[in-house]
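S.K.: Below you will find the structure I want to go over with you.
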Amino acid sequence: MVHIVQYRPLRLITQNSLSSVCLKLMLSRPVAFSQIWKSWFSSHSLVGNKNIILMGPPGAGKTTVGRIVGQKLDCPVIDIDDDVLEATWNMSVSEKLQDVGNEQFLEEEGKALLKFSASGSVVSLTGSNPMHSAGMQHMKKNGIVVYLDVPTTVIMSRLKSMKVDRIVGNSPGVSLKDILQFRKQFYKRWYDIRVLCGGDIEAEVVAEKVLDAVKRYQNSELETFISTRSSRSGRSTEKESHKYFSDVVTEGLAPDGGLFVPERGLPKFTAGEWQSLIEATYSERAQVILERCIHPADIPASKLAEIIGTAYGENFTCSKIAPVRHLAGNQFLLELFHGPTASFKDFSLQIVPHIFAYCIPRSCNYLVLVATSGDTGSAVLDGFSRLHDSDKQRIAVMNFFPEDGVSPIQKSQMIGCQKENAWSVGVKSDFDFCQTAIKQIFTNSDYTGFLTVEYGTSLAAANSINWARLLPQIVYHASAYLDLVHRDIIPFGSPVDICIPTGNFGNILASLYAKMMGIPIRKCICASNENNVLTDFIRTGVYDLRGRKLIPTFSPAVDILKSSNLERYLHLIANEDGQLVTQLYNQLENQGHFQLRKDLLEKLQQWCSEEDCLAAIHSVYSTTGYILDTHTAVAKVVADRLQDRTCPIIISSTAHYFKFAPAILRALRIAEIKQNPLSQLHLLSSYSPLPPVHWGLLETLKKKGNEDHQVCAADMSMLMSRIEALIQNHFM
C-alpha cells in the first residue's frame, strides 16, 4: 500500500482514493500515515491538523454532509462505518451487530475508535459511537465535534424511507423513538458545536452550516461587545479594547456609563431552525438559543448544558418551566412565576449566578450589587445562594430595595432569602435612587479601585444592566411562540402580539430581541400604570423627569421612572449611534429630560389606572377562576384596549399573585384582610384558585430567624459604608 502512494503522483490522487489508501495505513501504522499526507493537506484545512468530526443519530446525513464538507475543504473524508469498522471486521456493520449483540457491538466499536488516528480530515461517526466514553475521549483529543441535530420525528421518517428497522439498542419492547431519545444524552455530552437541521434541508446547506459553525468556533474575536455610548468611528481596533461575553458578565456596566450590547447584533435563526425546536423541551430550546448567543470560548456547550440543567431542574414547580395557558378569546398567558421565588426574574437569576461563577477569575473575590423594585431582590439572593460552597466563599450579594416601596410579602421574601453570602438592605427612598446609586458606584473609579486594592474585591452587577440577564428572557418569549405552534393554535410564520407590564424595559426588550432573531412577533406592547413615563415617552418622544414623583401602586415592579434598558433600545433604533445616546443621557442627567427625533418614534402605547388593574383581576377571576397578579392585570387591561383580534396576543404573567395578596384580596372584594402575610396567603389558598398555591413562596415566608435586615438612609456615603462592612465581614 505504501508503494501505491509512492508511485502515483499525489496531485492525481482523488479525495476518496486517498482516504481509502490512508485509512488502511492508518489502522496499522498511524505514524507513517500522518507523515505521508499531513504536510500536503494542512494548508487546505479549515482547522489545520484537527479533524472535523460529524456526530448525530442514524439518518442525520453525516456521511453525505461529510463528503460535501471534505470536497469544499479539499481534505480527506473518513466514514467510520465503511472505512474503519467494516475494514477492521471484514464484515458489514449490520452483520456484526447481528453476530455479537448490542452491548458487545458497542465495545467492539469503541475498541476500533481507540486505534483510530488521523488529522486534517472530515470524520463521519456512526450513530452509536458517542455511547462509548473512552472512544469518544480519544476522538475529541484531535477534533472538533459537530452535532447534526435533527428532530426525532424527521429521523424516524428518514429511517423508515431507508427501510432501516434495526439499530444499536433494539430489543423487545423498546421503540425506535425511545432509542433515539436515549441517545441524545450522549450526543449532548460530546459535541463542541451544534448545527440545527430541519426536515427538508438539503445536505449542501447543512455542509455550509457546518463550515460556518466551525469558522465561528475558531474565531471568538467576531463576537465582541460595545457600549451603547461608544461611536462607530471612535472604536479602537486594538485587541485589548475588545470586550467578550465573559468580560461583560463580570463588569456589568461599561466604563463610560453605557450598557454593553453585541457589536454585530444578535444571531438570526432561519424559519427551519426555529421549526426544528417546536418539539423540544424548554431546557433544550434554552440550550440552543444560548449557544448561539454565547461563544463556546466563553462557555463551552457542555458547561452551558450543566448550568441550564441546574437552573431549570428541580427549582421550578412546573415541568414545562414556562407554560402558556389560554385565558379567553385570542388571549394567552405566559406563566413566568413557577421558579423558586415566584417571578419572571428566576428565569435569568437561576442561570446568571452559575455563568458569573464560571466566567470570573478564580483568584478574585466579587461583591454583586443589585437594586430591586420588588422581585429581583429575592431572585438574586436565592440564585446566588444556590452556588457551590467554594463559589459562595468568593462571591457575595448585596441587595438594595426601597424600604417602603415593595409589597409586604416581597419584603418578607427578600429578608427570608438572606443566606451566608446574600444580604438585603432597605433604603429610605425609591427604586430609582437605588438603581442610580449603584450606577454611580460602578463608575466611581476611585471607590472601586480602593475596594480592589484594600480588600481584593471587585464589584459586579446583577440587574438587567448586565447583558447576561437579558439572554434567558429571550428564550421564554421564543418558547411561548413555539408552544402555540406545537399546540396547532397557529402555523409557524403566523404573527403574534406580546403585551408586557414594563418597568425597567428589560422584559419587553427581550421580546424585541426575540423578534430580531426570527420569531414572528408583530407588536411588542408596553403596558404601564400611573408611573407612565415610558408610555408618555413613546407617545411624545419626550422623556421628562422634571417635577415627576414616583407614585406607589399595587404593581411595584412597574413603579420605575428611569428605565435602564431603554438605553439599549434607543441605541438599537438609532442605528447604534452611541454619540446620540450619550448626548441624550447626559441631557437627562443634567437637565432631567430629553427629546427624541421624530423619525425614531415607534409605537403608540397605553397605560392603566389602579382601578382598572383591580377591576381586571376581579373580572378574570369571575369568568375563568384564574387569578392574575397586579402586574399581569396591567398588561391585560392594555391588551384589551389595543388588540385588534387578528392574531393571538401573549400576555406575560410576570409574578405569582401570592406576592401581592392584599391587593388581590381587595380586588376579589374580600372585606377582612389580615395584616400577617402568611394569614393572607392561607386565606387566598382557601379559594382553591388557579394557578394553585406557590409552595416555594409559602415555605420562604414560614422561615424564622431571618426577620432582621439592615436599613439605611438615601445617602451615597451610607451605602458605600455598608458595602465596605459587608466585604470585611464576608471576605476578610
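Each Cβ is built from the backbone N, Cα and C atoms, and glycine gets one as well.
All TrEMBL annotations are machine predictions without curation.
Okay, so TrEMBL annotates it like this:
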DOMAIN    236-312  domain 'Threonine synthase N-terminal'
MOD_RES   Lys345  N6-(pyridoxal phosphate)lysine
S.K.: Have a look around the residue listed as 'N6-(pyridoxal phosphate)lysine' and count the other CB atoms within 10 A of its CB, chains all included.
M.R.: 32
S.K.: Which whole number is the mean pLDDT over the domain 'Threonine synthase N-terminal' (236-312)?
M.R.: 90
S.K.: Per DSSP, how many helix, strand and coil residues does the domain 'Threonine synthase N-terminal' (236-312) have?
M.R.: 38 helix, 6 strand, 33 coil
